[in-house]
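K.L.:
Found this in Swiss-Prot, in case it helps:
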type	residues	note
BINDING	Arg168, Trp175, Asp176, Asn212, Arg221, Ser222, Gln223, Arg292, Asp293, Glu294, Gly324, Glu525	substrate binding site
ACT_SITE	Asp326	active site, proton donor/acceptor
ACT_SITE	Glu509	active site, proton donor/acceptor
Amino acid sequence: MLNQKIQNPNPDELMIEVDLCYELDPYELKLDEMIEAEPEPEMIEGLPASDALTPADRYLELFEHVQSAKIFPDSKTFPDCAPKMDPLDILIRYRKVRRHRDFDLRKFVENHFWLPEVYSSEYVSDPQNSLKEHIDQLWPVLTREPQDHIPWSSLLALPQSYIVPGGRFSETYYWDSYFTMLGLAESGREDLLKCMADNFAWMIENYGHIPNGNRTYYLSRSQPPVFALMVELFEEDGVRGARRYLDHLKMEYAFWMDGAESLIPNQAYRHVVRMPDGSLLNRYWDDRDTPRDESWLEDVETAKHSGRPPNEVYRDLRAGAASGWDYSSRWLRDTGRLASIRTTQFIPIDLNAFLFKLESAIANISALKGEKETEALFRQKASARRDAVNRYLWDDENGIYRDYDWRREQLALFSAAAIVPLYVGMANHEQADRLANAVRSRLLTPGGILASEYETGEQWDKPNGWAPLQWMAIQGFKMYGDDLLGDEIARSWLKTVNQFYLEQHKMIEKYHIADGVPREGGGGEYPLQDGFGWTNGVVRRLIGLYGEP
């Protein structure tokens, strides 16, 4: 079963080396099962079949040629293209003609592939509409049907309709969808909520986890595990009963905890890290260590400037994408340099809070079904995780949660991810009060709360504010009795989004909120995106609670 495992170590004598090559690193457990960890695309009868391989694996040197030549400004465009004929025939044709003197790569691609459509570009908003009316009219624009794709593309089939974020993101995304669902519920779109509930349950049943998104190149990783929060929303909104999802929650939990039983202290496998005291915490991970299909050229360039083995950098870039915070100072050794990324060496506060929620949800639903042993087991797991988080990720001196660098055995940076323990009910009241003071003094602006207090040029840092962080902060602080702060964040965010909407007549992915003048957020690997799923969802929910700004 084991390819490599440390024999009879004494944890007290182990000194952690930060930058050992992964293949030789004794603190990274290697199990044979990891080779088979990535699932294959599933077919659904009556729907177009996806390609069995990712675009990079399918088109090989053609893929690298297209990406290196920068035929498209966005590296995601080619992976999202659909072939006009059998993909293998396209590759054979390319190999026959690529060395011809008059070979034109751009024309070859245009002749053999359908370019992805950007549906939202067809939509023109009515300036007379209120913010609420605008959002309600956007839902159909952002809805995709199961049959809305061409055979052999990278798009994974789903059994029901789904919402996409918009812009370059023409597929559904895991954690985005939860925040989008908040708005669907407020808009009375229970039909779409049911469809999305069925889709996510189907993905867990067929893939063993919910992929980052429904693309073949996303199958090797997930995103922040918010399915337990979705189930809670389905129950509250009367869409689906929570009991029907107990097995799905257990399956997702097994995915995140895979290999835990084989670990010794100071050792990790996939998503799990066993801490020096034997407790278990989690990290973000991707089962591949190659450049991301959708950001291939950017990843290759980043690795060139890292001074590390490229596959190590690719893994950390992929894990950063799995975090949803792609990218942020949270994952960087040098906050000004993406090439210093070390995502897999950090224990994230938000991930472990979401997993606490997952453990608690399994316990609660097991109790409803009379499964007392399962309830007791998962209550114990949730309690153990909370204790470990308090031991390693709570900064008592400053009254904040922080990520933890498990390779250097020290606390990492403070960010708005620290509010997730409040949102899932993991903090005590003293922690909530102290964290509120820190957020007020370090992250709060007239436009909402910043992603972090560090200005790095990455999109999940200052000066940007993001809808999901506002929602979790608002609800988290109110849950612990700080209505004043929760309401202030809510009204500030509504003002930000509405002011921008009145000027530009659109909703966007992120907002620059550092100086009190709302404008387009920047940073990251791609241009700012319109749409935008989770902004619409959070704002629509807030309008239901606070009225139109």
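Even glycines carry a Cβ here, placed using N, Cα and C.
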K.L.:
Between C-alpha atoms, which of these recorded positions comes nearest to Glu509 (active site, proton donor/acceptor): Asp176, Gln223, Gly324, Asp326?
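P.N.:
Of the recorded positions Asp176, Gln223, Gly324, Asp326, Asp176 has its Cα closest to that of Glu509 (active site, proton donor/acceptor).
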K.L.:
If we check Cα distances from Asp326 (active site, proton donor/acceptor), which of the binding-site residues Arg168, Asp176, Arg221, Gln223, Asp293 wins as closest?
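P.N.:
Ranked by Cα distance from Asp326 (active site, proton donor/acceptor), first place goes to Gln223.
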K.L.:
With Cβ-Cβ distance below 8 Å and at least 6 positions apart along the chain, what are the contacts of Asp293 (substrate binding site)? List them in sequence order.
P.N.:
Thr54, Pro55, Ala56, Phe63, Pro79, Ser154, Tyr217
K.L.:
Among the binding-site residues Arg168, Arg221, whose Cβ has the fewest other Cβ atoms within 10 Å?
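P.N.:
Selected from the binding-site residues Arg168, Arg221 on minimum Cβ neighbours within 10 Å: Arg168.
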K.L.:
My understanding is the cutoff is Cβ-Cβ under 8 Å with a sequence separation of 6 or more in the same chain; which residues meet that for Asp176 (substrate binding site)?
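P.N.:
Listed in sequence order, they are Pro165, Gly533, Trp534.
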K.L.:
When the number of other CB atoms within 10 A of each residue's CB is tallied over all shown chains, which of the active-site residues Asp326, Glu509 has the maximum?
P.N.:
Glu509
K.L.:
Ten-angstrom check, please: count other Cβ atoms within 10 Å of the Cβ of Gln223 (substrate binding site), all chains counted.
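P.N.:
The answer is 24.
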